[in-house]
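Participant: Quick one: this structure, given as structure tokens, is what I'll be asking you about.
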């Protein structure tokens, strides 16, 4: 959530940030500013009525003790209480209205994020490892998976519907091995391994920015205030929801393997075959909570941690700086890692490492204490890595002419 003080003090900065996202809201912002100003006036008036109520109540008590006439004071108290209740209700309603409107405004675009109109304006930062030159036409992962009996796509449809898969046999062993390898690498880089629930309440999804704006993308449990998590970013970040952390305990670095669930609303017709886009998938996530001065360095550290895994698996990849219009709702700056898929003859996203600055921390009330003062922390998140897409990349990059798959040395000890 953006700072309402900033909206009032530097309206143009907020408006410009939204325009950079192709999400202009000038009229809505102006109306919101008017509501905030009106709210502040009413709040001052409410505080005045409360002070008056306290003052008269004391006078009433003194006169009662003196057995003096209190009828006038009693009437004053009753009339003031009516005004107090009415104004208190109005202030509460305005507060809710402001919070709701603020909650659907995306994060401010970081100064380091380049201006762009769409994903075509994203900027390649660097490439790591050179794609292999094949002496045969490389197959796509779904062909290789079916040939080797590793993935049963029809079984997933039978059990659920499209965009679900069943992984079995040696494919399941590779899948499990990838998870173990990712967690080991992340732990080596200082991230604590944590297992969390796959269900969370509405407050947690508000904290990380999925609600209320993206309700249609999340699976909800009927008749319960519970949702299936779209990413472990939600659970790991919100472990510190409404928490004040001692500055000596920063940074907090966490990693988790979880199933993730997404409705993929708006993805009709995209990646309909294979494991690229699923309703349920596994992901190993990185989350960090840092001092504001340290979040940029942490973002680089998280990127290198994810890249280290891809290098160990001998998978060519590249870093891509997202432009302003391609940023996620909560992100201020995002760098994607894209892995080379020879079967598709292109790079595809396998990790997205985002610095949200204090945006999530303000929503989730994640603070740290320094010099006896509470301040908002910075939060970061990123995949390290998406397990299914890593398996896709492994199959396509390490396929042999006969359709068999070479196993990288780093993975052998996990099998």
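Keep in mind that glycine also has a Cβ here, set from the backbone N, Cα and C atoms.
Swiss-Prot feature annotations, pasted as is:
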BINDING   231, 232, 233, 285, 383  L-serine binding site
BINDING   262, 263, 264, 349, 350, 351, 352  ATP binding site
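Help me see these features in their spatial surroundings.
Facilitator: Under the DSSP three-state reduction, residue 285 (L-serine binding site) is assigned to strand.
If you draw a 10 Å sphere around the CB of residue 351 (ATP binding site), it holds 29 other CB atoms from the protein chains shown.
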Participant: Of these binding-site residues, 231, 263, 352, which scores lowest on Cβ atoms within 10 Å?
Facilitator: 263
Participant: Anything within 10 Å of residue 350 (ATP binding site)? Look among the binding-site residues 231, 232, 233, 285, 383, comparing CA atoms, and list what you find.
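Facilitator: Close binding-site residues: 383.
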Participant: Return one of helix, strand or coil for residue 350 (ATP binding site), based on DSSP.
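Facilitator: Where residue 350 (ATP binding site) sits, the three-state DSSP reduction gives strand.
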Participant: Just checking the binding-site residues 262, 263, 264: which sit within 10 A of residue 383 (L-serine binding site), CA to CA?
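Facilitator: Final answer: none.
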Participant: Would you mind pulling the longest C-alpha to C-alpha span across 262, 263, 264, 349, 350, 351, 352, which the record has binding ATP, in angstrom?
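Facilitator: So the binding residues stretch over 19 Å, Cα to Cα.
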Participant: Taking the residues 231, 232, 233, 285, 383, which the record names as binding L-serine, find the longest CA to CA distance and state it in Å to the nearest whole number.
Facilitator: 9
Participant: Taking the Cα atoms as reference points, how far is residue 351 (ATP binding site) from residue 285 (L-serine binding site) in Å?
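Facilitator: Their Cα atoms are separated by 9 Å.
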